[in-house]
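The structure appears below as C-alpha cells.
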Amino acid sequence: MNPHAKLISTLSLLLGTTITISSNHWMMAWTGLEINTLAIIPFISKSHHPRAIEATIKYFLVQATASTLLLFSSMTNAWVTGQWDITQLTHPTSCLLLTIAIAMKLGLVPFHFWFPEVLQGSSMITALLLSTMMKFPPITILFLTSHSLNPTLLVTMAIISAALGGWMGLNQTQTRKILAFSSISHMGWMAIITIFNPNLTLLTFYLYTLMTTTVFLILNKINALKLTTMMISWTKTPMLNAVLMLALLSLAGLPPLTGFLPKWFIIQELTKQEMTMAATIMAMLSLLGLFFYLRLAYYSTITLPPNTVNHMKQWHMNKATNTLIPSLASLTTLLLPLSPMILTTL
C-alpha cells in the first residue's frame, strides 16, 4: 500500500472517530461515521484478492445502509421535535430506527452476517481495527442515547447475539472467523447492560478492546490464520503461545483474569435490576464461548500435529518483537485485583 495513501487513510480514521465521539449534533456524528467507513475501505481492499474486494463491498453496503438509517432516524426526530441534539432523541420511530442502525454498525444479531465474512477477507491488523476501533463510534452513540433506545428489542438482540456468537464459533477453523463470532458475543454483553448502566458498557468495551488487541497481535506475530498453523507454532514461540492461552482464557471470562471483571459486573447489575432470568441465560451462554476459547488454547499450547500438515512450515521467525505485546498481556491477565477501584468509577 502506498505510504501516502496509508497515512491519509489512518489520519482520516482518527479524524472520523474523533468527530463522532466528540459531537452532540446528529449531522456531525453521521459525518464522522461516514469518514470512518471511507477511511477503512483501502485497508480492507489493499491485498486486491477477490475475497478482499468482496469483503470491501459487503462492508461498504452494510455501513452505508446503517448510516442511512441513522440519518433518517435523526431527521425524523428533528422533524417532530425540532431537536438535533444526540441526547434528545424522543420520537418512538426514531428510537426504533436508531436501535437497528447501531445494531447493524456493531454486528448484533440479526444484522451480523457481514462481520465474519469481512474479517475473513481482511488482513490480521485490519481485522483488529474492524473489531475494536471501528466499533468505538457506534458504542459512543449507544452510550449517549442509552435512555432513548428500545429496551425490549435491545435485550432480545443482546441475548440472541451472545447465543449465536458462541454457537457459530464452535465449528470454525479460521482464527479470524472465531474472533469475529467472539466479537458478536461480546457485543451482546455490552448491549444488554447499556440501558441500565451505560458506564459499564464503556468499561466492557475498553477491556474487550484490550484483550482482543493482545490476541490479534500475537496471532499476527505467529502468522496463525488457521487452527492447523497454531498447532505447529508452539515449537517456534513457546512464550508467545503461553501468553496467547492466557489472553484467550481472559476473553472467555475465567477468574482470576481480567475478562472475568466485566462479566461479573454485568451479571451483578442485571440481578440488581431484577433481571435474574436474563443474567442466568447470559451466564449459561458464556459457556459456549468458553468452549471455543479452550479449543483455541488447546490447539496453541497442548496439541502437536500427529502428521504432516499441507503447508510449508515456517521454521524461522522475524526476530523483531512487538513491544506492545508484553504490556498488553500484563493488562489482559492482571487487572482483576483493581476491581474495587474500578467499581468506584461506575
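Yeah, the Cβs are placed from backbone N, Cα and C, and that goes for glycine too.
Please treat TrEMBL annotations as automatic predictions, because they have not gone through curation.
According to TrEMBL:
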- 1-23: signal peptide (SIGNAL)
- 23-288: domain 'NADH:quinone oxidoreductase/Mrp antiporter transmembrane' (DOMAIN)
- 57-76: transmembrane segment (TRANSMEM)
- 96-115: transmembrane segment (TRANSMEM)
- 152-171: transmembrane segment (TRANSMEM)
- 178-196: transmembrane segment (TRANSMEM)
- 202-219: transmembrane segment (TRANSMEM)
- 239-257: transmembrane segment (TRANSMEM)
- 277-299: transmembrane segment (TRANSMEM)
- 290-343: domain 'NADH dehydrogenase subunit 2 C-terminal' (DOMAIN)
- 320-343: transmembrane segment (TRANSMEM)
Answer yes if the transmembrane segment (96-115) and the transmembrane segment (178-196) have at least three CB pairs under 8 Å among residue pairs 6 or more apart in sequence, and no otherwise.
-> yes
For the transmembrane segment (202-219), the candidate among 178-196, 239-257, 277-299 having the most Cβ pairs under 8 Å is 239-257
Kindly say whether the transmembrane segment (320-343) and the transmembrane segment (178-196) touch, using the definition of 3 or more Cβ pairs under 8 Å where each pair is 6 or more positions apart.
-> no
Take every residue in the domain 'NADH dehydrogenase subunit 2 C-terminal' (290-343), average their pLDDT values, and give the whole-number result.
-> 73
